[in-house]
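Structure first, commentary second.
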Amino acid sequence: MAEIIQRIDKNNAEAPEIRRRVWAIVGASSGNLVEWFDFYAYSFCSLYFAHIFFPSGNTTTQLLQTAGVFAAGFLMRPIGGWLFGRIADRRGRKASMLISVCMMCLGSLVIACLPGYDTIGIWAPALLLIARLFQGLSVGGEYGTSATYMSEVALDGLKGFFASFQYVTLIGGQLLALLVVVLLQQVLEDAELRAWGWRIPFALGAVLAVVALWLRRQLDETSKHETRALKEAGSLKGLWRNRKAFLMVLGFTAAGSLCFYTFTTYMQKYLVNTAGMHANVASGIMTAALCVFMLVQPLFGALSDKIGRRTSMLCFGALATLFTVPILSALQNVTSPYVAFALVMCALLIVSFYTSISGILKAEMFRRRFAPWASVYLMR
């Protein structure tokens, strides 16, 4: 990190250009934070609004129906990856990122204002589904396009460091959604949360999307008119020409996503159901672990600039293969929350070799004018 600071200090003559590029990274990654905030807000708040859109008297049935709508958003992500990758190649990265954040804003605003089943009948769950489909499309397109953009504007020699902020904002969106829900739980009664309080995170998400939209309007376009005009840009023919890189990206994404979701999304349930920990203790462990995980991303990104992306991926592959099963086995019998935190952090540090360079690695594997690799985002 000290070397990074020294390098920036030595480039005082290029300070305006450095500031412009840093601002571009902030603008590109801001949308990522907003989109994942909204995505996780739905997951965290579904317990409170399920009964409003699905009138069944059975709570389990209501939650399953709400989860089904959530899953529909996931199914739209590969379509969003392909669609926005094509837009990015044909119309430019900036246009693609502006459209994606507008769609997420619209989806959040609709959910925040949507009347319940008692008011508009079957239209309530139908419109909820449509809003989630919009959000799924935009999230699917956000990752690939923003990763490509960040790789193109980052300073030479610091691309891994700057591109790592994509996962900083991804995890930050998850933590921010969790923080907002926890604050609402402390301020509002359960009945108030179920009646109207659950709408607040979605309204906040819409406001944050407007801020991200303003930031992105200031961005410079990185793609060239000549490459956007090519018939092959954003096409299946272009993807076929890069089929080897596409298959490698598919493999990287599958392995990396499996480890990422295992030790982030699933780990809290694992600590409760398998290790027998209290839910509040498991939540505390995972919240602390995710905070540290978020903060170390730039360090691992900077490390990749020193040792290379290939070496980082080899470290991830070797360490994940050797230690994933032993860590999970050790967590089965752990009793101390401190030991559990240490084990989870060991796993997340291994995963950081992948997450910190996930976007930049894939973008660098394709020629500059192609971004359709984002369509494999379904597995991220």
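Every residue, even glycine, has its Cβ placed from backbone N, Cα and C.
Checked against TrEMBL, the range among 33-50, 123-140 recorded as transmembrane segment is 123-140. Through the fold, the transmembrane segment (97-117) approaches residues 28, 31, 34-35, 38, 41-42, 52-55, 80, 84, 87-88, 124-125, 127-128, 130-132, 134-135, 137-139, 141-142, 145-146, 149, 199-200, 202-203, 205-206, 209-210, 212-213, 216-217, 219 of its own chain, all at least 6 residues removed from its boundaries and within a Cβ separation under 8 Å. The transmembrane segment (161-184) makes contact with the transmembrane segment (279-300), as judged by at least three Cβ pairs under 8 Å among residues 6 or more apart in sequence. Between the transmembrane segment (279-300) and the transmembrane segment (123-140), the number of CB pairs under 8 angstroms, six or more residues apart, is fewer than three, so the stretches are not in contact. The average pLDDT computed over the domain 'Major facilitator superfamily (MFS) profile' (24-380) stands at 83.
Through the fold, the transmembrane segment (196-215) approaches residues 26-27, 30-31, 33-34, 37-38, 41-42, 44-45, 48-49, 98, 101-102, 104-105, 108-109, 111-113, 177, 180-181, 184, 188 of its own chain, all at least 6 residues removed from its boundaries and within a Cβ separation under 8 Å.
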